[in-house]
Amino acid sequence: MLRHLTIKDFAVVRNIELEFGPGMTVVSGETGAGKSLIIDALGFLSGLRADSSVVRHGAERAELSAEFNITIHHPARVWLRNVELDDADQCQLRRIIRADGGSRAWINARPVTLSQLSDLATHLVEIHGQHEHQTLLSRQSQLVLLDAYAQNETERDAVQQAAAHWQALLDERDALQAQGDMSERINFIEHQLTELQRENLDPATITALDASHRRQAHTAALIEACKNTTQTLNGDDTTSALHLLHAARHTLSRVTEHDARLGEVETLLDNAMIQVDEALTLLDRIHNDLNIDPEQLEAIELRIGRLHSLARKYRCTPLDLAAQRDRMAAEVESMRNMDIHLQQLDHRISNAMTKWRQAAEKLSISRTRAAAALSTTTTNLINELGMGGGQLLIQLQPHENNRPHPNGAERTEFLIATNPGQPPRPLRKIASGGELSRVSLAIMVAALGLDTVPTMVFDEVDTGIGGAIADIVGQKLRALGEQHQVLCVTHLPQVAAKGHTHYRVSKIPIDGITQSAICLLDSQERQEEIARMLGGVHISKEAHAAAGKLLQELQEM
């Protein structure tokens with residue numbers, strides 16, 4: 001709900017600050033006083049394009065600001081949270097238009113684009129009467145209103161989910177197809193696999209091959225080492241280890257009886273001779289196993305060379321070649337299965353399309369019923385509002401393609417015939433601001449109780465009417481004001497008398513320059529203003545009495 005509006009150096013306004021409450025607020029005043037400037041200011045705060053002509057003569061810039069109260073779950077609050085502009089429970093819009101033509105905008109004291117300002121304003125205020133900023137002229141907004149009237153949230157959610165699922169499957173298929181023909185890639189990898197599969201790439205086998213290569217490469221040195229070690233341990237000369245151990249054992253045996261501790265030494269020497277014998281036996285076995293085989297060594301080196309060449313090619317170690325081979329085999333298998341996967345995706349896409357059509361059909365049925373009901377109710381109201389023979393038709397038009405659309409199978413177009421015999425035309429093509437305001441009023445009254453924009457502004461709604469029709473227009477605006485905040489600029493006393501709150505705009509000459517001023521009227525001032533609207537500049541007793549009667553009738557409603 002709009003709580004506060006500040007207008008500075010805007011057109012003929014120097015500085016005004018207005019407070020607004022719930023219900024219906026009317027704005028009246030003499031012709032040319034600037035009644036519509038409030039609505040113009042709200043339009044610019046809603047993102048309308050502006051030029052320097054709106055800046056008061058002699059001022060450097062015009063400054064506009066508005067403050068709205070919004071609940072935590074209000075769509076405007078959700079929008080603010082999504083763009084990280086939320087601030088407590090209030091929403092502040094600010095716009096500066098410079099005399100040089102420049103313009104800047106803020107939401108909650110943070111700079112924003114006019115597009116962002118406009119997006120937020122669609123959740124805050126609906127201005128009826130000027131084509132350039134009337135959300136109801138948008139076909140998307142018409143569809144939103146129709147769906148709200150139909151109360152088909154469940155059906156809409158089902159359609160949106162079905163469309164999203166279909167789109168996700170389509171994206172997956174497109175991604176697969178974007179990879180192109182896999183035959184070349186398969187042939188290339190299969191050639192590499194054949195190369196790898198020629199070799200035994202088992203890591204244990206490669207480890208054993210390396211060990212065998214080391215032995216073959218050092219066989220001569222191993223044989224020589226075995227011979228020398230055997231000679232050292234048990235040679236023919238008296239300096240071999242085994243001969244010396246025997247000599248030492250013999251020397252001790254002659255004196256052991258004199259010191260029992262020497263028996264332990266004898267035991268250790270016996271063990272040493274046993275271990276030397278075992279070492280000699282193992283050396284003999286190893287020596288016999290060692291054979292110099294140049295052909296076998298060459299074969300081993302060739303195979304190791306091939307393994308290292310493959311490892312360099314695939315940028316891994318020889319021990320990792322088996323894992324590389326398995327990865328490539330898996331990739332080939334995956335690519336071979338792509339056609340199968342694409343066929344499965346096509347089947348799932350077809351099923352998703354069927355589910356969307358089923359959901360969209362249910363949504364279309366609810367919309368068709370709601371369109372008929374809303375059209376009938378609105379048509380009756382249009383005729384009540386002085387547009388005899390007028391008719392509203394709500395047309396559901398199929399989308400041009402058969403792709404699942406998240407909004408369903410059709411678009412909406414509100415068509416209006418304002419006079420008998422005239423063909424219905426799109427609502428957005430109505431030339432008369434007064435007719436457009438009354439049609440909008442009829443639609444809004446027909447849709448009472450729906451969760452629509454909280455603040456509704458009507459300009460020119462009473463253009464070209466009077467008498468009983470004016471009274472009906474006032475009643476409908478008053479009824480709308482019971483559930484929404486309504487701001488109405490009017491020149492008709494029957495409409496002005498229906499407001500909960502009344503502002504008067506007047507022209508005041510200051511230093512030879514005409515300026516607009518606005519004031520909130522109390523009950524006495526209000527009666528005087530309505531009497532002026534009834535009788536002109538010179539207020540008669542009859543006009544004063546008639547004004548009092550209009551206000552009294554409101555209290556008795």
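Cβ atoms here come from the backbone N, Cα and C positions, even for glycine.
In Swiss-Prot this protein carries:
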type	residues	note
BINDING	Gly29, Glu30, Thr31, Gly32, Ala33, Gly34, Lys35, Ser36	ATP binding site
- [ ] Using a 10 angstroms cut-off on Cβ to Cβ distances, just flag whichever of Gly29, Gly32, Gly34 is the loneliest among these binding-site residues.
- [x] Gly32
Open item on the list: Other than Gly29, Glu30, Thr31, Gly32, Ala33, Gly34, Lys35, Ser36 themselves, what residues in this chain have Cβ atoms within 8 Å of the centroid of the ATP site's Cβ atoms?
Closed with: Val505, Lys507, Ser516
TODO: Look at each of the binding-site residues, Lys35, Ser36, and point out the one with the fewest other Cβ atoms around it within 10 Å.
DONE: Ser36
Open item on the list: So if I draw a 10 Å sphere around the Cβ of Glu30 (ATP binding site), how many other Cβ atoms end up inside it?
Closed with: 15
TODO: Mind giving me a neighbour count for Ala33 (ATP binding site)? Other Cβ atoms within 10 Å of its Cβ, every protein chain shown.
DONE: 20
